[in-house]
Amino acid sequence: MQAPTFPAAAPRAARNSPAGILLPGADGRPVANVGNPAYAVAAFLMLTLLPYLVPMEYMEIVKMVGPLEHLLTCLVLAGLLLGAYALYTAVLDPRFDPRPERLEAPFRDTLYLFMRILIWVAVVANVGILAWCIPHYSGSIFSMKAAMADLGGVNILSQSYLFAIGPFLYLSLARQRPYRRELLWLAVVLAVRAFLLAERLALMEFAVVALVSLALLRQMLIPLTRLVLIGVAVPVLFVTAEIFRSFYAKFVRDTGWGHLDLGFILQWNLERLALYYTDVTNKFYFMLKEQYFYTTEFYLRGLRSIGARFGLAEEEAQSQINILIEQYDVGNEEMTNPGGLAVLLSDFGWWGAGVLALLVTLLFLTHLRASRGHLVSLAVYPVLFLTMVELPRFVYLYSSRCITPFVLFLLAWIAARLISQDARFQPSAPRAPAPGAPVPGASAAPGSLGA
């Protein structure tokens, strides 16, 4: 079996190396290697910095700090994170080895089947959720969301694809099998779910994981102009969805559209978008100033949520952070996300800085190994990338949306090992020769993923 050869716009080592943020495209113009962890760090910093500076005319919130103090805090945070990335590239980039690790065929083939099954389980589960919820529509999106609660444990299968996409894409390319059908089905059903049920996260988590995985494996390089357009499309999609959700319920359902002007519609919804991130950043400053440390156990909420779906545990109705925010009247009652940085402080106190450092370290190390085709890292790295992007709002790794698919991935991995019996990684096997060197009995092109 011959592994696929990737486009040769840039050497594979340069394209996936830790330092490969911007690379020359085929026409000489810079293109973005969006699989690089620097983009996750940049997204986290931008979502923490910019929304808090937006003036609020229609949204109610009492900001804990002024613009200057916020800028200084973000400057310190940016210095630490970008310094960590610089250290990563300085220490590990010279040691980067683009040659892939090799897998025995029985394990590889069995794992490919299981990863594909996990993806189709997610497709079927999401189609089933839509088929159940749509008939329950009674004039409000919330009627469908209430119906979804009746599905119990079915909903937790709708993210079963999360850790399967990276290995599935890698093995599809190595086996020269098509993969677009699975991705297209997932994209369509999750887009419909995001719009009809106002679950933007359902589409975003798929989009980020799929895009990062493709960037690593297919060398998907995006022109900077397209990257900017993608960045603009995110608030456009948010505003579009919000118009038919909160905005519709507040201003349209009872009185119609006639009394509303376009300027008010756009400003209200853009402020609403900024409020999502302003509120969670505000909670971070609140926890930092009041130092309500070790008052929560958010790291257990995902497990409790899973248990609650099967009647094995009770799920918290409201987080301790939101209770404190209400007592001090410094938040917005409609905003329920606890805030990732606030959660790290309330769970671990000052040790939360160490947890953040550990998360960033894992992000960098899994990127390094995923670039070599290490399957576990290919499964984990895109989710860590997503976790970093979502960290301003909450710690994604804590959620049942992440825990359940990770358990399913581990079970599939173990089952593939048992079925293939003695198929295992061969770390002592000779590594692939340098590009251009002859390989006895093999015809794979230089820069390929390996057999």
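Even glycines carry a Cβ here, placed using N, Cα and C.
Marked as transmembrane segment by TrEMBL: 38-59 (among others).
Under the heading transmembrane segment, TrEMBL lists 71-91 (among others).
Here the transmembrane segment (111-134) has Cβ contacts under 8 Å with residues 144-145, 147-148, 150-151, 154-155, 157-161, 163-165, 167-168, 171-172, 175, 177, 182, 185-186, 189-190, 192-193, 196-197, 202, 375, 405, 408-409, 412-413, 415-416 of the same chain, all six or more residues outside its ends. What TrEMBL records for 111-134 (among others) is transmembrane segment.
Taken from TrEMBL, the feature transmembrane segment covers 146-171 (among others). Sequence-distant contacts of the transmembrane segment (146-171), counting only residues of its own chain at least 6 positions beyond either end whose CB sits under 8 Å from a CB of the stretch, comprise 108, 111-112, 114-116, 118-119, 121-123, 125-126, 128-129, 132-133, 136, 177, 179, 182-183, 186, 197, 202, 205-206, 209-210, 213-214, 216-218, 306, 309-310, 370, 373, 375, 378-383, 400-402, 404-406, 408-409, 412, 449.
For 183-216 (among others), the entry in TrEMBL reads transmembrane segment.
The annotation transmembrane segment is assigned in TrEMBL to 228-248 (among others).
Sequence-distant contacts of the transmembrane segment (348-366) (same chain, six or more residues past either end, CB-CB distance under 8 Å): 18, 37, 40-41, 81, 84-85, 88, 92, 291, 293-294, 341, 377, 380-381, 384-385, 387-388, 391, 397. Annotation source TrEMBL lists transmembrane segment at 348-366 (among others).
Under the heading transmembrane segment, TrEMBL lists 395-416 (among others).
The region 'Disordered' annotation in TrEMBL covers 429-451.
The compositional bias 'Low complexity' annotation in TrEMBL covers 439-451.
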Which residues of the chain, 6 or more past the ends of the transmembrane segment (38-59), have a CB below 8 A from one of its CBs?
21, 32, 67, 70-71, 74, 77-78, 81-82, 85, 267-268, 270-278, 281-282, 332, 341, 360, 363, 384-385, 388-389, 391-392
